[in-house]
Structure formats: structure tokens, C-alpha cells
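Student: Quick one: this structure, given as C-alpha cells, is what I'll be asking you about.
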Amino acid sequence: MDRTWNNKAWFLVLPVLVLVAFSAIIPLMTVVNYSVQDTFGNNQFFWAGLEWFDDTLHSERFWAALWRNLLFSGIILAIEIPLGIFIALNMPKRGWGVPVCLVLMALPLLIPWNVVGTIWQVFGRVDIGLLGRTLASLGIDYNYVQDPFDAWATIVVMDVWHWTSLVVLLCYAGLVSIPDAYYQAARIDGASRWSVFRFIQLPKMQRVLLIAVLLRFMDSFMIYTEPFVVTGGGPGNETTFLSIDLVKMAIGQFDVGPAAAMSLIYFLIVLLVSYVFYTVMTNVGKGAER
């Protein structure tokens, strides 16, 4: 019975799996093909072997962009995960405030990435932007176009504004799934709010926190649209992440081979770090359950 049902389930899912695999494998194989060849005009290709991979791994440009990616992802995770947990803990669990809070949390997620970038680009301008003019009136020298620190601060705050609500919604879903019996037992035992969080809420949120960390890491590590719209990778190359550098290399300079090699290395790094995050947090979750 179970085997028959599993066969039927696979039969229903198989067309979608084939379509997804087909749409993913063809672009991937195209990138692999470009990464081992040198391209000239009139679609002439010459075998280059692993030359582009070697050049990329020995390129200061690549390592500088990779460091900026890792730094940005680390800052984002350090801010958004604790902030998302804090907001979720303080959201109402019953009453009319629940749908209101859920709608407010969902609104930033519905805004397209390029629109978010445009909003913050205008918002931070020193001549017409509300943020820029307000800071200037307070005597704060703020200019994300010229100052690297201001550019980084703008991009980080923009990402926190845009994506913290995703962490909030995931954590809130984990919190509302906790049975009331746990809280009743904690009240009987006289547990403090910190003890309730440490021994009841946090362990029960392990799975959703794992999803939140993985999603936010992958999104932040592969970020492109928002910083490109706001700063274009500047000032200088201070906010040029790997994704922006890839586009400049592939489209701006038409260095297809090096860009393909860099994109494959980029892809492998995302897979590796995501696997490490998943393994570590899964082991932590199992340890907490024990």
C-alpha cells in the first residue's frame, strides 16, 4: 500500500522535477562550457582548460569581493536573527493585533528588490532625500555616494528593513506552534521569562531558525539588486560584491570565461557554507532536544 502510494507520488512529482532539472542543468552546463574556453569575436572558442579558475583564485579582485560578501552576510545575520526573534517574542498571540502585525511584517517582503533599492537611493540623497536632509540638519556629515562607511551603513540598514520581517514571520510561526501546556507548566514552576525562552521557546524554534539562517545567508551572500541600484558598487569598489563584480566582468567587460569560472566558484562557496550552517545548526538542535 505504502509502496504503491509512493510510486504514485513520484509519478505526479516527476514532471516538475524533470522540468526544474532541465531548466537548471542547461544554464549550468553552458557556464561550465564557457569557464574552460576562451572566447573571441564571431563566436570563436579556444580551449583554455583551468586557466580561468587559476586566475580567479589568484586574483586580489576576487578575494576582496569575497571578503565583502562574507562581512556583509555576517553583519546581516548578527543583526536580523536576534532582532527577528525579539520582535516575534513581543508580537501578540491572540486578538485583533495578530492580523495587523502579520500584514505589517509581510509588507516589506512584497516590495520588489529594485524598488527597495530605488526607495533607499532617493531616501538617502543629501539634496532631496528625507534621511540625507535630516542628518544634514543635525550636523551629521552623511553621503553614501562618497563615504564608504555611509554606503555600507545604508546598504545594511536597507537590508535589515527589507528582510528582518522574514525572520520575524518564521520565528512567530515556531512560537505559535508551542502548546499552551508548556507555558502553564512553566508558570507553575515559577520559571522566569528568560528561563521560558531558554528552555521552551528557543529549543522549539530550532527548525525555523535553521531555515531563517540558511535563507538569510544565501540571500545576503548573493545580494545584487539593492546595492547595485543604491551605490553601483561604489564609492570605488567598496560595495562591489561578487555578484556585482560578475555582472561587470561578464556584461561590462565581456570577459565571459573568467566570469563563468568565478560564478562556478561562487556557486560552490554558497553550497559549502550553506551545508556547514545546516550541519552545525542541526547538531545544535539535536543537542538541545537531548
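Cβ from N, Cα, C; glycine included.
All annotation found in TrEMBL is predicted automatically rather than curated by experts.
Grabbed the feature section from TrEMBL, which reads as follows:
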TRANSMEM  12-36  transmembrane segment
DOMAIN    66-277  domain 'ABC transmembrane type-1'
TRANSMEM  70-89  transmembrane segment
TRANSMEM  101-123  transmembrane segment
TRANSMEM  160-183  transmembrane segment
TRANSMEM  208-225  transmembrane segment
TRANSMEM  259-280  transmembrane segment
Student: Same chain, outside the transmembrane segment (208-225) by at least 6, Cβ under 8 Å from its Cβ: which residues?
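Tutor: Here the qualifying positions are 69-70, 72-73, 76-77, 80-81, 84-85, 113-114, 116-117, 159, 163, 166-167, 170-171, 173-174, 241, 243-244, 247, 270, 273-274, 277-278, 281-282, 285.
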Student: Taking 3+ C-beta pairs under 8 angstroms (sequence gap of 6 or more) as contact, is the transmembrane segment (70-89) in contact with the transmembrane segment (259-280)?
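Tutor: No, the transmembrane segment (70-89) and the transmembrane segment (259-280) are not in contact.
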